[in-house]
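In TrEMBL this protein carries:
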type: DOMAIN; residues: B:6-120; note: domain 'Acyl-CoA dehydrogenase/oxidase N-terminal'
type: DOMAIN; residues: B:231-370; note: domain 'Acyl-CoA dehydrogenase/oxidase C-terminal'
Amino acid sequence: MNAIDQFREQTRSWLEANCPPSQRKAIPEGEMVWGAREVEFPGTDAQLWFERMRDKGWFCPEWPAEYGGAGLSAEYNAVLESELRRLKCRPPQINLGIWMLGPVLLEFGTEEQKKTLLTPMTRGQVRWCQGFSEPNAGSDLASLKTSARDAGDHFVVDGSKIWTSYGDKSDWMYALVRTDAKASKHTGISLIVLDMKSPGVSVAPIDLISGKSAFCQVFFDAVKVPKSQLIGPLHGGWNLAKRLLQHERKAMSKFGEFSLPTHFHLLPLVKQYLPEATGQAESALVARAVATAMNEHSYNLTVQRMGETARAGQDVSGLMSIMKLVHTEQERDKFEVLLDVMGYHGLGWDKAAFSPQEQAITRGWLNSFALTISGGSSEVQLNVIAKRVLGLPDVK
Amino acid sequence: MNLLYNEDQRLLADSAGEFLAARSPVSRQRALRDEAQAGGFDPQLWKDAVALGWSAIPFPENLGGLDFGCMGLGPIFESIGCNLSATPLLSSVVLSGSLLHLQGNAQQQDRWLSATISGERRLALALDEQPRHNPSRVALQAVANGDGYSLSGEKYFVIDGVGADAYLVAARTGMAGISLFLLPADAPGLSVIPLPLIDSRNHARLQLDQVQVGADALLGAAGSAMPALNVALDRGRVCLAAEMLGMSEKLFDMTLDYLKTRVQFDVAIGSFQALQHRAAQLYVDLALARSAVMAGLAALDDSSLSEVERQRLASLAKWKAGQTAIKVVNEAVQMHGGIGVTDELDVGLFLKRIRVAQACLGDADYHCERYGALELAHA
């Protein structure tokens, strides 16, 4: 048996022995474990699983052992991931630091930064949030205004970040700030990290049309940030931001892989709420619902085709560029038609009067509006396709 | 089920593309129209296509076929679409040939299927009787008469109907089911009337006035043809979907070129965001349509799929490809501006062919209803 097969066998038997059965299914909302200064566990199994994986260094299997990783090569890590998938193991913790900031630190951080920032990540001791968007910098991220003024051995940060997921629960933030107001938009930006407990930081949660959300607005009022917390070159933050956003896609797909599907099958619901369409209006509504389901079917086949194309070693950048747009637009279309099909059943706000499924659909509909805006709005996606894929020219 | 062409199929795509680009480019379709050729296609082109093996693709080797699988028809129909080429591949081989294969007895296959594969004979399917496709509405009666049948009624929209050597005619014998009869073109009482449509291809109307046939003209048992018809029609639908995909991709390329080169207000019109977003949206639709067409093609050959699943995927392919083709060609006309509505520009030829292909074997609404009925029955 060669080394890699041996590793697979050892990993498999270790996981069988150490992953509690309760940790081998999809995670319901509210049971996710977030690495943090004070980790909250939904139960003792989750804690056991967290501690065992932490002690193996498997929060960050590919990171070097000196920072608390397991030092696995990509090949060994792929084996570990496939074994985790095989057993349907939950991620023992969720941490934006590991998925997004960590790889950037490994590439651009100083030795000191790697030691002080990466090690707590691999131990699951710090919860990170991301400070990118601002009230006046959404799709046009590079127009951000939060300033970091040079004050000798530290920066003084003033301004505000918005759409910060779990800003109220996070310990540290990595943020894009303007360090040179006179330079052109993209060249005066730097990446810093800061402790959310620093004096002058305040956080306000944001309620959405769908109700409570994880989003927050974060305010900075003369917050002192030591210069040792600048990541990468001064004024060189934009390139790091682009790298971080590449990791964002991977992070989002991890979320998707492990969370419970909030996914509704349209046609069974049509059958449930409109068992016998009568009259032209209802027939037309059913036809609209079927067409929506057919578009979703086409999208699912496209996901399959993209996977096959990638495995065949062919370019999938064109297909990749349409996925976010198509999926989020179709989700909203689906909820819209579903609301029409369900009538008053889709409009309930009072918890007592409507089934959990009905409430979830109503909230899902409202939430679907956020999906076509966040993570690159549909209009930005269309710009990207037009310019990068189709090669249409920029305006002069 | 695999949604990519394999290596053999890719090689076929290359050779079919080269063959049609050289022998039957869009300009040739324009010439056929202007010459008003009765057959609607170039007989020599068809002979050469048969020599390349196209007519043998979906049939087993013991019947003279290549056993290449229906998915192998995909690249050919895509090229047919891209070049706007006219051939009787759909009518004679995919529809009629499949029906003979699935429903014909050894004698019928011996006489007609081999000749269809070898290109010596050409068959056409006479199914629809109303302006909109719907096999379940076949009403033409075949009245039992002596040891045969007498057929009377009319058929519309017979693809490549003018000059066919024989017709497969769908009819009812009493109330039960649909039957298929093989009628030679010279059967007394049968009239073939050209039905010129906007695409300048060969379409016909058939009038049957007490056409007398023997029992040996019946394919399979009386009233039993619907399952075979479903399979053959689904093959035809998916091939048409592939043709429409080929047309759409070609039109999109032409339009993209135009957006990059046409200058107004001192800039390429493709720099305007209003047009960029519309072009990007077409790209999205094309990507989804390709996935649906590939799934439809794969489903035709995948014996592990249920009958319902195959029908569902065939309808999805025809629906998505048809809807996309109409969107793409309408946008192609609009984005080309004034020249888009001239006969000089090829876009108009595609526009006309796409509309006919859309109506043929069920339009988007028909396939939406069919998909819905299959889904809701099993949801």
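Every residue, even glycine, has its Cβ placed from backbone N, Cα and C.
Keep in mind it's a predicted model, so treat the numbers as computed, not measured.
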**OP:** Give the residue counts of the domain 'Acyl-CoA dehydrogenase/oxidase N-terminal' (B:6-120) per reduced DSSP state, in the order helix, strand, coil.
**Re:** 83 helix, 0 strand, 32 coil
**OP:** Using DSSP, tally how many residues of the domain 'Acyl-CoA dehydrogenase/oxidase C-terminal' (B:231-370) sit in helix, strand and coil.
**Re:** 118 helix, 4 strand, 18 coil
**OP:** Tell me, roughly as an integer, the mean pLDDT over the domain 'Acyl-CoA dehydrogenase/oxidase C-terminal' (B:231-370).
**Re:** 97
